[in-house]
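Novice: According to TrEMBL:
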type	residues	note
ACT_SITE	32	active site, proton acceptor
BINDING	108, 109, 110, 111, 116	substrate binding site
COMPBIAS	149-162	compositional bias 'Basic residues'
REGION	129-162	region 'Disordered'
C-alpha cells in the first residue's frame, strides 16, 4: 500500500469475506493481514486445503513491538515464509520495527508516513528512550521542541561552518 504498486484487487472487511471472492482465483493475495483478525488463520488453512496458493503480507509486530495477531499464528502454520524488511528512515539500515511518530491512544491508528516510520532496532530503541513521540500534526499542537531531524541538520551546518 505504501509503495503505490497496484494490481486488480477487492477490499474485504473480515477474513471470512475473502472466501466469497476466492472461488475464481488460484492465487489469493492478502495485504495488511494483521487487520483481518484471528479468523485469517482458519481462512488461509481452508484455502490452502482447497488447492489455492495464499500469499499474506502484514506486520508481525505493532508500533510497541508486541506480536501483532494473527500474524504470529499464521507464521506457525505457513509452508513458506519470507520476511521482508523496510529501510530505516533514520539511518538507512534494514528496518524491522514500526515507530509511531505521534501520541494517540489505541493499538491501531490508521495512517501512513505522517504517523509511522520504519526503523531498525537501534533507532527504534533510541527514539523511544530519547524523546517522546512528536505532537500529532493533525491536532495543530506543538510542544515547540525541535525534531531529531532538525537537530541533526543544525549540527551538520555548525560543523560545516566551523
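Using N, Cα and C of the backbone, Cβ positions are placed for all residues, glycine too.
Just tell me what is around each of these and how deep it sits.
Specialist: Mapped onto three states, the DSSP output places residue 32 (active site, proton acceptor) in coil.
Cβ environment of residue 109 (substrate binding site): 100, 102, 115 lie under 8 Å away, each six or more residues apart in the same chain.
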Novice: Measuring Cα to Cα, tell me the gap between residue 32 (active site, proton acceptor) and residue 110 (substrate binding site) in whole angstrom.
Specialist: 12
Novice: So for residue 108 (substrate binding site), how many other CB atoms are inside 10 Å of its CB?
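Specialist: Looking across every protein chain shown, the total is 11.
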Novice: Take the Cβ of residue 110 (substrate binding site) and count every other Cβ within 10 Å, whichever protein chain it belongs to.
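Specialist: The Cβ of residue 110 (substrate binding site) has 7 Cβ neighbours within 10 Å.
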